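S.K.: Once you've had a glance at the structure underneath, I'll fire off some questions.
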């Protein structure tokens, strides 16, 4: 079974590019990362930074998660991210996404030993 840490990497890490390559980026990535297999995942964020830099956020600014849990951490610096949001015309299995490039602080939930990101909570 896929670990929570591995799932985070599959769903949210794209270190190979510094930003979204085109307006079609989300359509391609959401499909290739299996985020449209059983349904269209409505919203998803990809982070264009090294895995080490994203894992390091787990020792940065401790903040409350959206659900009230206390194991969320905000990055000290802004990171290059791409937000993928389902469009109004999107219909499973033909999931369609709008690609939005940004530089923001990320907030991730961390757990385990080693203490690593397992959930992408927000960007600010």
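Placement of Cβ uses the backbone N, Cα and C atoms for every residue, glycine included.
According to Swiss-Prot, the protein has these features:
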COMPBIAS  1-13  compositional bias 'Basic and acidic residues'
REGION    1-24  region 'Disordered'
BINDING   7, 10, 41, 42, 43, 44, 45, 66, 85  substrate binding site
ACT_SITE  12  active site, proton acceptor
DISULFID  26-84  disulfide bond
CARBOHYD  34  N-linked glycosylation site
DISULFID  40-95  disulfide bond
DISULFID  58-110  disulfide bond
DISULFID  65-72  disulfide bond
ACT_SITE  119  active site, proton donor
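Tell me what's around each of these sites.
M.R.: Within its own chain, the compositional bias 'Basic and acidic residues' (1-13) is flanked in space by residues 33-35, 44-47, 51, 54, 108, 111-112, 116-120, which lie at least six positions past its ends and keep a Cβ under 8 Å from the stretch.
Note on the region 'Disordered' (1-24): DSSP counts are 9 helix, 1 strand, 14 coil.
In the three-state DSSP scheme, residue 43 (substrate binding site) falls into the strand class. Counting every protein chain shown, the Cβ of residue 43 (substrate binding site) has 10 other Cβ atoms within 10 Å.
Neighbour density for residue 12 (active site, proton acceptor): within 10 A of its CB lie 20 other CB atoms from the protein chains shown.
Under 8 Å, Cβ to Cβ, and six or more positions away along its own chain, residue 84 (disulfide bond) finds 25, 26, 29, 30, 43, 44, 45, 46, 97, 98, 99, 100.
Same-chain residues at least 6 positions away in sequence with a Cβ under 8 Å from that of residue 34 (N-linked glycosylation site) are, in sequence order, 10. In the three-state DSSP scheme, residue 34 (N-linked glycosylation site) is classed as coil.
In the three-state DSSP scheme, residue 95 (disulfide bond) is classed as coil.
Following the DSSP three-state reduction, the secondary structure of residue 110 (disulfide bond) is strand.
Take the CB of residue 72 (disulfide bond) and look out to 10 A: across all protein chains shown you find 23 other CB atoms.
Contacts of residue 119 (active site, proton donor) defined by a Cβ separation under 8 A and a same-chain sequence distance of 6+ are given as 4, 8, 65, 108, 109, in order along the sequence.
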S.K.: Expressed to the nearest Å, what is the distance separating residue 110 (disulfide bond) and residue 41 (substrate binding site) at their Cα atoms?
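M.R.: It is 22 Å, counting Cα to Cα.
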S.K.: Sorted by position, what residues of the same chain at least six away from residue 41 (substrate binding site) have a C-beta under 8 A from it?
M.R.: 30, 35, 86, 95
S.K.: Which residue, out of the disulfide-bonded residues 58, 65, shows the minimum number of other Cβ atoms inside 10 Å of its Cβ in this structure?
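M.R.: Among the disulfide-bonded residues 58, 65, the lowest count of other Cβ atoms within 10 Å belongs to 65.
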S.K.: Can you check which residues sit near residue 40 (disulfide bond), meaning Cβ under 8 Å from its Cβ, same chain, 6 or more apart in sequence, and list them in order?
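M.R.: Correct list: 30, 86, 90, 91, 92, 95.
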S.K.: Could you measure between residue 85 (substrate binding site) and residue 58 (disulfide bond) for me? Cα positions, answer in whole angstrom.
M.R.: 26
